[in-house]
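Straight from TrEMBL, the features:
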type     : residues               : note
ACT_SITE : C18                    : active site, nucleophile
BINDING  : C279, C425, C483, C486 : [4Fe-4S] cluster binding site
BINDING  : S326, D388, D389       : Mg(2+) binding site
DOMAIN   : 18-260                 : domain 'Glutamine amidotransferase type-2'
Amino acid sequence: MELNMSVEEDDRQLRHECGVFGCIASDPWPTDVDVAQVICLGLLALQHRGQESAGIAMSEGDNHTHFNVKKGMGLVSNIFNDEATKKLKGNLGIGHTRYSTSAGSEEVNCQPFVVHSAHGALAVAHNGELFNAGRLRRMVLARGVGLSTHSDSELITQALCLNPPDIEIDGPDWPARIRHFMELTKLSYSIVIMEKDRIFGVRDPYGNRPLCIGKLMSLTESNKAEEGWVVSSESCGFLSMGAKYVRDVYPGEIVEFTKEGFHTVSVMDRPHNRPQAFCIFEYVYFARPDSIYEGQMVYSVRLRSGIVLARESFVEADIVSSVPESGTAAAHGFSTKSNIPFAEVLYKNRYVGRTFIQPNARLRRLGVAKKFGAIVENVAGKRIILIDDSIVRGTTMGPIIKLLRDAGAKEVHIRVASPPLKFTCNMGINIPTKAELIANKLTIEQLAKHIGADTLAYLSVEGLKEAVTEKMPNRNAVEVGHCTACLTGEYPEELTF
């Protein structure tokens, strides 16, 4: 969580792009399910993926020219109050919560994007960043299509409205158009697409960005049938809305959701039988710990990361603690493996907000000073192992260590539950330039001195992979793979412009 606050400049400059969510009610329509409310609950559960803007597009399923749309800047709860939600009538809808990556922080970039084509309205919400956005943008512009923003999501929306290679006879063949788009760009996206009476869930062939399916269960004991289906960037909000996790959308899969249920339209293979490339940093930081990825709980992976970290870089100490909250699971794992007791040493003011989500450095700096307090009774005279999930610029940890020393800490040993960040992402995580990443400037010993730690150690790349795959149900499958580009510089595909 070290990317989360800083005095000079926010070290949690790692910013996730967005969260997407869709919901469709089962037959019969009009439905008794408050679909807009379900989507609001879904976006609230995904709020950690972006706090800059949010939007919902709803369809009643019987009008191909009109969607009910509400979008705005700010938090989900501020945009969608009871009055706004009641106006969002419909039997199906998609939603989006955003932090800008390729486009700026403006209301024009709020999603879902809605376009009105000759074949009707189409709404698109996107999570990720197109690896070859420049080339795709030139292709779209060359076809005479105007673009009003620099957002990849608008680019996707307009690209879908281009005719696919095959001739369409009875109106638009949206699955064919989606496949055509996927042939044009293999990375990086999870997308929910809504037309009049159906939703498509789409995941790039490498599975770089997450997307999963849930079943909306009846809340009455007498009715065991599903009331609808949801598709989401993460499963963390499913239980709170009465939904049950079903499975991940497979890499390269196009899933169609209708009032009758869902089915796979097609699955696109990866070029040259390359392995999957699910973003490993979802496990490290971005996902909520109660989400399920690849058949396992994110919390369990973070716990195992701490266990491996203790094995790789043990040090004598009195207590193990964490920078709340994303470092906590790893700290418990470290404590278990090392037999050093866990104790809280930092109090997090939960009303300040996640400073790394703020769109400019000045706002982030203002939020940092109020972020933490030290629990003096647990700190004074103690040798402390402090676990964090990552270090980006190296500007956050120094003030935290000073806070602990001012509270009487005898020693502070920093252990990081991920390898050093050395490369930019280009697939939806807004990592600073290589020159700004502290791991490219200082050795581990130099960085320890720079932040005022007695010692500093990172989890190895192989150790992180071990923690991620150890309990994965299909860990021995040949196609299993994770993107470690920000750690190793090994990208799934060559970046094109």
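Keep in mind that glycine also has a Cβ here, set from the backbone N, Cα and C atoms.
When other Cβ atoms within 10 Å of the Cβ of S326 (Mg(2+) binding site) are tallied across all protein chains shown, the result is 27. Shown are the binding-site residues D388, D389; the one with the most C-beta atoms within 10 angstroms of its own C-beta is D389. The recorded positions considered are C18, C425, C483, C486; of these, C425 has the fewest other C-beta atoms within 10 angstroms of its C-beta. Counting in whole angstrom, D388 (Mg(2+) binding site) lies 17 from C486 ([4Fe-4S] cluster binding site) by their C-alpha atoms.
Listed in sequence order, the residues of the same chain lying 6 or more apart from C279 ([4Fe-4S] cluster binding site) and placing their CB within less than 8 Å of its CB are N208, R209, P210, F286, M427, G428, I429, H482, C483.
The separation of C425 ([4Fe-4S] cluster binding site) from the residue listed as 'active site, nucleophile', Cα to Cα, is 15 Å. Counting in whole angstrom, D389 (Mg(2+) binding site) lies 17 from C425 ([4Fe-4S] cluster binding site) by their C-alpha atoms. The residues near the [4Fe-4S] cluster site, meaning same-chain residues not in C279, C425, C483, C486 whose C-beta sits within 8 angstroms of the mean position of the site's C-beta atoms, are N208, I280, F281, M427, G428, I429, T484, A485, in sequence order. Straight-line distance linking the Cα atoms of S326 (Mg(2+) binding site) and C486 ([4Fe-4S] cluster binding site), rounded to a whole number, equals 19 Å.
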